[in-house]
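Asker: This structure is in structure tokens; I'll ask about it shortly.
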Amino acid sequence: MASTTDTRYILHPVWDPLLRTLHWWLALTIMAQFTSGATLLTLGDDMSAALMEKIDIVHDYGGYAFAAGLALRIIWLFVGPPTARWRDLLPLTSAQRRIWRETLACYLSGFRRPISPYRGHNAFAGPAYLAFFVIAAAQVILGITLSLMSDSPAPHLAGNPRLLSERLPPPDFPLSGA
């Protein structure tokens, strides 16, 4: 018979190794983006051009690394195991909605009410992850667009924009309203 101080646990694997790797990949690349972006923003005018260029390259590569991880995670939402799929993130079934209501009641009661046990993401994690994916995808699109418009020395997905603009013929229409 087990004593009341028995501390044995039964481990149930929930998240697969790829999901865990992608989670930490995204976390580390977000930290790299934040650090390099904040450095460029706050110290950019006081840095040498060479140092600024190196930090800009780190920022660009970090953005591409983040974009790759985000793309893999979004693919994994559709082909991964059940706890990594989009259906686990949104309260679609009656059981998921019940757990969502119980979790909300627990939070509103100051954690005095019990929560049903669940395997996988917390009921409120799903909508937060959905918001994260939308915001992160928008940031990737914005970052790549700004990268293509800049004169950064970092390689770009479409090649070097300066060289690309030199190879393209000038437009046949005026770019201004005049």
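Placement of Cβ uses the backbone N, Cα and C atoms for every residue, glycine included.
So TrEMBL has the following annotated:
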- 14-148: domain 'Cytochrome b561 bacterial/Ni-hydrogenase' (DOMAIN)
- 22-41: transmembrane segment (TRANSMEM)
- 61-79: transmembrane segment (TRANSMEM)
- 128-149: transmembrane segment (TRANSMEM)
Asker: For the transmembrane segment (61-79), what are the same-chain contacts with Cβ under 8 Å, counting residues 6+ beyond its ends?
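Answerer: Answer is 18-19, 22, 25-26, 29-30, 32-33, 36, 85-86, 89, 133, 136-137, 140, 143-144, 147, 154, 157.
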Asker: Do you know the mean pLDDT across the domain 'Cytochrome b561 bacterial/Ni-hydrogenase' (14-148)?
Answerer: 89
